């Protein structure tokens with residue numbers, strides 16, 4: 001049953017394509033997509049990856065991606081081409097960490113098995129044999145599982161810096177070498193178990209961290225892909241062909257359907273339409289364009305299908321300038337030092353001098369070189385930041401998991417740390433404080449029957465107005481009417497018959513201000529006006545943010561009049577008419593005056609600001625570029641996840657600090673024992689696992705408190 | 001004491017077998033779609049027998 005559905009007759013070489021299908025929510029959807037696609041001629045196999053909301057289709061080369069997307073739409077699912085997997089590198093890192101963790105786990109269990117009998121008093125020949133066996137297991141295991149730490153420690157030392165991995169590597173290597181010496185000289189104490197256990201706990205922390213990142217990123221990747229990745233290019237013979245954005249060159253003629261985003265800059269060749277530049281400039285009102293007008297990549301065509309002559313593509317578009325700004329803005333972010341590394345800067349020198357001092361002290365006190373070295377290694381092992389290595393990732397993974405359930409995807413732990421430090425929030429307007437989609441302003445003029453007809457017509461179309469109308473009606477609990485012969489005329493609207501009478505949802509015949517549609521039932525027209533409304537809980541979310549001591553303001557690219565209206569309603573300071581570079585400069589000024597701004601924005605014009613802010617969040621409806629630049633993405637129509645994110649991030653850092661305190665307390669207790677020479681491998685193993693369990697247990701409290709707090 | 005000569009290699013062999021299985025499972029993509037695997041048990045078998053055992 002779990003095998004992909006295969007058709008034996010499709011034996012010719014197949015090509016594989018991947019599509020994101022965000023609408024899959026249940027087992028029924030998996031079955032419907034896989035079975036439905038398998039029945040399409042030319043499809044050899046279809047396999048759904050439910051976690052990634054993706055379907056991999058193996059099909060004959062004749063079958064185009066558009067045809068498969070059309071088939072998926074017939075099955076009732078919106079689909080998009082998935083980009084080439086940009087997350088493969090992350091995946092590989094997680095995998096190698098998991099493999100190292102498995103090897104360390106294997107080694108730890110087997111060595112522990114031998115160590116227990118040594119601890120319980122095996123006689124000398126057995127002890128020697130068991131130590132040799134332990135060494136045989138431990139050396140290859142440490143060589144394999146320790147690589148992530150050794151590599152990172154070497155890198156840090158090469159740059160004359162120190163991080164958490166330096167004391168870890170020194171501790172593990174010294175312990176192994178000394179234990180080998182002990183084994184060879186038939187000594188009583190070997191620390192193989194301690195060294196391998198240390199690696200196991202630390203790898204568990206790293207693997208958790210990596211898994212959190214890749215889970216959030218695959219969640220975000222499932223949202224991506226709605227912006228113009230390519231376009232239908234008109235061939236000399238009049239047929240159209242899909243061409244990827246990178247392959248489009250100036251001079252081509254591009255056909256852009258209603259609701260599609262432009263993949264390149266161009267001038268309108270024929271037709272007149274409305275374009276929505278909200279993503280590019282933040283302007284909320286759509287702009288009419290006619291033949292000869294210049295339009296830019298990233299704008300969305302709201303009106304009729306139009307033909308454009310491409311004037312600039314790929315790297316020369318207005319979009320690419322924004323991308324360059326973003327690259328520069330992102331530089332400052334990489335200079336941020338994470339809390340674990342800040343702790344290591346204090347911790348590593350302290351630990352090393354402590355071990356060195358006890359070595360010298362015992363030498364001076366008259367102990368032999370061997371015994372002094374043994375005690376120094378015991379100090380290193382006992383102070384090795386085992387609990388410290390777990391203190392940060394354990395808390396952050398729990399917090400990220402709780403936030404993910406509430407609709408906020410955090411990309412990595414450093415984002416949580418920076419989020420806890422913010423002291424002000426700067427919002428974009430269009431698409432961030434507002435929904436960024438046209439919704440009907442007032443539906444009270446429509447009767448019960450008219451609403452059902454409107455929903456039935458609207459749900460058959462992909463036009464942005466139809467989608468907004470269908471969504472608003474569905475939210476009111478309207479059931480669609482049963483219609484006959486539904487037809488869509490591009491640029492005109494939808495028409496059908498309801499109980500023998502003609503009904504239609506049409507674009508207004510006369511020019512009107514703003515967006516509107518006419519619902520025509522048996523010749524009688526009712527006008528439905530559309531606007532971009534504020535998110536439903538915007539007031540509550542802003543109140544929650546200022547309750548946490550954060551100053552909120554608006555930085556928008558829209559015209560001053562429309563920004564002022566929103567700012568008045570929400571009682572916020574606002575700056576209007578800002579260019580991408582202007583927003584970035586505003587953030588740089590705030591950062592220079594020692595503020596830590598959180599930027600929340602969705603448009604391409606917010607990209608540089610998102611990359612340059614101390615930390616940034618984008619809504620799930622944002623452009624791909626913005627979602628990639630932001631540190632976190634929230635899904636759904638509510639703004640509350642932003643306030644929740646700050647609260648949970650602060651709580652997480654409080655727990656992390658508690659964990660650090662616990663680790664320090666533990667060291668204050670254990671280090672004197674080690675310096676006194678009372679620490680045997682048994683004591684080290686017990687202390688290590690006890691402190692790790694304590695830290696993990698404390699972090700788990702976060703799941704309960706983050707889950708309980710009301711949104 | 002001779003029993004140790006059997007038990008220790010046995011313990012190691014079992015541990016290695018477990019490790020090998022985990023490596024195999026990762027390579028063959030068993031952990032690719034954890035949510036999907038949970039959902040798939042709810043899919044009804046095809047009535048036309050396609051894909052059925």
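Note: Cβ is positioned from N, Cα and C throughout, glycine not excepted.
In TrEMBL, the transmembrane segment annotation falls on A:660-679 of the listed ranges A:660-679, A:680-699. Matching A:74-91, A:128-145, A:146-163 against TrEMBL, the residues noted as transmembrane segment span A:128-145. Here the transmembrane segment (A:97-122) has long-range neighbours at 130-131, 133-134, 137-138, 141-142, 144-145, 147-148, 190, 192-193, 196-197, 199-200, 203-204, 206-207, 210, 681-682, 685, meaning same-chain residues at least 6 beyond its ends whose C-beta is under 8 angstroms from one of its own.
Among the recorded stretches A:190-208, A:346-365, A:371-404, the one sharing the largest number of Cβ pairs closer than 8 Å with the transmembrane segment (A:128-145) is A:190-208.
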